[in-house]
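Trainee: According to Swiss-Prot, the record shows the following:
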type    : residues      : note
BINDING : 712, 833      : Mn(2+) 2 binding site
BINDING : 833, 852, 853 : Mn(2+) 1 binding site
DOMAIN  : 770-884       : domain 'VRR-NUC'
């Protein structure tokens, strides 16, 4: 895989089915900054026309077809996407009011031709991609209209609230009547819910319970303030097992009792919480499925906090979703979370959707879905997509009708044969035949796809999380830490910046797809687009460092860096050099500058320019953003290149770089010694093992009786997370934007340490003074299982973590944590493979050693070397363990 592609995949997340700007990005003219004349140094010397040739290779040009023949992309593995089924969760929010009537027509303009991006919603040129929906006053079903009643205050009898009776399976009475009297009774003996509240009939018969969310808020008030509730049944469902709508009133305990209750400090906020929960529940009654509730909460949260990023028409369209019927909402969410893009109605069946056909019709009318049932509605693209819905048997049957016979059982080959028939005008109308097989087909409309994708992106702020995150939370598979979301500045201050960011992610996805499809023309096009977007852009210095990753220039820089790897893989180093210089000139304060500088120096050397390579390396050491492994790499390059007559003076850092790291060599019986394959050995017990396990066996035996584990960076990031837990999740404005974060947004920036310097240093002083183990135990026991960046709960026991902290020592642990706090991004990887320790006879004091294990043909990376040198300087006991295969003895 090309360097930088894995990072790009994480940025993209789940691929979008519809890219609004795909055609415009690939067809519009883009200033070709790579269509330039280079000299032997890889420097731009003059503008060139379309026939420009690179000095490195006179046969190459910027026409992708000129160099596509020698691309070696066939070894790239295609990414597989997995689909998560939504289940349940609980996530509350107060929704916006719905607008009654609207008409929406949408279109997105190109943002290629100007610096200012103005997207408006107007009629699309393709009828199938346009939406026109009208929300009538009576669009809500009767049951939903009834559930949208507001909470009122009855001045004579007290506070009236509307809610439901649930848990009807526990009822003593099956048949209920509208107007029947009811009373509320606490049920603290309920072993499943100590806050349970029973609903009792006028004859003292059990009717069910109040919903759990309301009981949780209301039960403390009943217990502490002796509140009494009675009311009536206001609606009876068709099925006796369904929830029953009721209205209950809290009577005054005496003539002035209500005001007396309000005098207590805790009463008012608790009662307001009850009203909030009641209001939310009436918006989403018990019959609302969990994934349906989560989806609506997603919409409401984003529309509440990011309304300035949507046009009036877009907001109206999204706000119309809750007015859809229950079936329509459920069907849309189900289909949106599936791969698609097209679905056969005959294959759509969900137990919670009673009428899929009617739901689909409603969704199509309202613009959330597009459907096709007439062959005249199919163009070539839709035709290709719908053929994917046919199975192998259906494909063979259709081909046989055209007297095309194929022995292959591969679906892709059959589809290609079918499409070739469709392109041949002499054949029968395949569109009609295919639709006869598939029946009515539907897909999520492009407008809904684009807007819901934006909502998810704004809610989760990444491409790796989606609606399935609610499922993980509800099932207890993941537990998020407790923190406060303190608003400061907006991540996207205006719509223009958001649209530029979205377009950059589109370019990134196009780049990824083109690499999968071995399409060099599109690869080059994406590189050019991304390079053009950063040519006149740089990260806003006033923008918080934690928010830089949400800018278009930052995303485009990821595409450009992948382009560097692409050109390096093709040995077109002058193009890679040009792109690296563009990155270095546009991003002056970026932790990636170190890697870019190393690549620039290396590529210049590949071009036969050692003097310039040396100069770049020397200038890189003056850059404060060149750190950790990149800094060591440049120092080692300088020592290698700065030989007389290029340089006569020995660099001052030569002694530091050449600092001797202790080594030990052991032998093992090798199972394989092939280059490029991870070495396997026979362990002391005769079982196969890796090189790290073999080293652990050595240290536990003749190496000195050490205990140990194979940890790499994981144990140190875990210790850092536990020791700094309260600081990581402290109240800092702006760093927590969503409820699904495992770390503050600024963790990998300089601002993390600078903003919290006083508290960090205070905590590190405690660690250095011997309190590390105590802090570790408290964090481990109180936060166990809670997700936190870097903390690997499943890998290490508390005993192993305590041993590591106790044997390494407080001073060393504090030094390591300080480096991670100051520059987490640079130091979060590359730590030694093994941690070994042994206690002294008293059982409390001990010693530890960090070991980097290398096989015979393996060598240290620059990041690993940087860590070993840093650890030695901080007082750690470190060692390199080299494993060599033992000589084979013939018997």
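Each residue, glycine too, has its Cβ placed from N, Cα and C.
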Trainee: In whole Å, how far is residue 852 (Mn(2+) 1 binding site) from residue 833 (Mn(2+) 2 binding site) when you measure between their Cα atoms?
Mentor: 5
Trainee: Taking only the Cα atoms, work out how far residue 712 (Mn(2+) 2 binding site) lies from residue 852 (Mn(2+) 1 binding site), in Å, as a whole number.
Mentor: 9
Trainee: So around the Mn(2+) 1 site, 833, 852, 853 aside, which residues have their CB within 8 A of the centroid of those CB atoms?
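Mentor: In sequence order, the nearby non-listed residues are 692, 695, 832, 834, 851, 854, 880, 881.
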Trainee: Would you mind ranking the binding-site residues 712, 833, 852 by how many other Cβ atoms sit within 10 Å of each Cβ and giving me the lowest?
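Mentor: With the binding-site residues 712, 833, 852, fewest surrounding Cβ atoms within 10 Å: 712.
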Trainee: With an 8 Å cut-off on Cβ-Cβ distance and a minimum sequence separation of at least 6, pull the same-chain contacts of residue 853 (Mn(2+) 1 binding site), or say none.
Mentor: 691, 692, 695, 833, 834, 880, 881, 883
Trainee: For the domain 'VRR-NUC' (770-884), what are the DSSP-based totals of helix, strand and coil residues?
Mentor: 54 helix, 24 strand, 37 coil
Trainee: Within the domain 'VRR-NUC' (770-884), what mean pLDDT does the predicted structure show?
Mentor: 92
